Amino acid sequence: MFTFAAFSALLISLAGVVAQTTGTSVDSSILTKTADSTGPSGFSIPALSELTSGAPTDSTVALYSTFAAGATPTVSGAPVLPTSALTIADYPALDVTPPTNSSLVKDWMAKIDLSKVPSYNVTTGDCSTDAAAISDGRCWWTCGGCTRETDIVECPDKNVWGLSYDDGPSPFTPLLIDYLQEKNIKTTFFVVGSRVLSRPEMLQTEYMSGHQISIHTWSHPALTTLTNEEIVAELGWTMKVIKDTLGVTPNTFRPPYGDIDDRVRAIAAQMGLTPVIWTSYTDGSTTVNFDTNDWHISGGTATGASSYETFEKILTEYAPKLDTGFITLEHDIYQQSVDLAVGYILPQVLANGTYQLKSIINCLGKDTSEAYIETSSNQTTTQITAATGSQSTFFQPIVGTATGAEVSAPSEATGSTAAGSAASTTSGSGASASTGAASNTSSSGSGRSATMGGALIALAAVAVGMVYVA
């Protein structure tokens, strides 16, 4: 488990790394920029220079609409909204990994064939102290940006932007929802289970408005630091609270901080979930994550102005070099990030006219109904071959989001302890790996962009990102 003490040590050790990937120094012309949008209902968006960690709290806005129990969704084949309200006592405590000894988690675990899950150790979440996890071929995104062919990391068509927001619903989400509704923009919301339990009506409005809902775990941990049982609990409870709220279950998830490896992938596959990360672009020795850094503003390591400048570089320097579309990382958990989106980023994209804004499921060329297990036309049973021997393989589910088939994964490190044990740790030395069907350097013949996240940027994401505000 990634403790606060461990996070503090990691943050201190990575102070130099963070300084390289985020900052508050920007072109002076950006500091004078004012909002291109007043927001829905004349809501006043602060000047860009005022979007800082010390910004005064905005007044919140109401949802443009709420929906009654039994209302019919726009998603083809979906059931009506559930008629029973959520009972908080029926769910785990907020913002902590759920207990693994509950009957539900035991039932979910019973459906997981652990012989088909690579027995890699849990990681420390820290690349500087976990060399063994880097070198054992597990395809750990956090340390090197490794992805598998079945990870969703881009939109196939050039100039299509897969828009997404993480960590909500929050008190500031209604402003974003209202703006998206006003402009007829669809996005993907990667929601935290604890936030859904706190604000189910916001999730229903997102869903009923045609946005894609996806999973972002129950308490926002770095998944590779968890045991198998804890991963199942984090994903399973989030799947359950979403279905209890909407009547459908997402078939995609985004690992917090992008922290994923083949063990997490294999467990998620057996739960019917396909991972979605964000696009990276590699040009020579430079690797850029399509991360606006809006989540750094609240912590003071970025400002609205510096995040906007990052966004402009993505849009003007890196996206045009791709043969494909792209997926970005943005957030609706913070006031500043929502103000940045509604007042600056989205209005500029609309005014520019170059990029088509779509939810991720739509940017893949699929109907929104393909985003949910119950309504997807692709009900292929997940097939996973045994994760043992020199050529272990796993199959990533393709329910609604088919991008590939069986993917070869290298065998686990010799003598490793099964990650199902809470006491599992790793140690040793080694260099970053590039094996199997992993992608961490360049595009394939299909024109796919490079998917190396970049160890420095990813490390900073794990470090600073642990300051998670509920």
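The backbone N, Cα and C atoms fix where each Cβ goes, glycine too.
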Recorded disulfide partner - C363, candidates C146, C155, source Swiss-Prot: C155
Among D167, D261, D262 - the residue Swiss-Prot places in the same Co(2+) site as H216, H220: D167
Separation of alpha carbons, D166 (active site, proton acceptor) and H331 (active site, proton donor) (Å): 5
Other CB atoms, at most 10 A from the CB of H216 (Co(2+) binding site): 27
C-beta crowding around D166 (active site, proton acceptor), within 10 angstroms: 25
DSSP state at H216 (Co(2+) binding site), helix/strand/coil: coil
Inter-residue C-alpha distance, H220 (Co(2+) binding site) and D166 (active site, proton acceptor) (nearest angstrom): 10
Neighbouring C-beta atoms (10 Å sphere around the C-beta of H220 (Co(2+) binding site)): 24
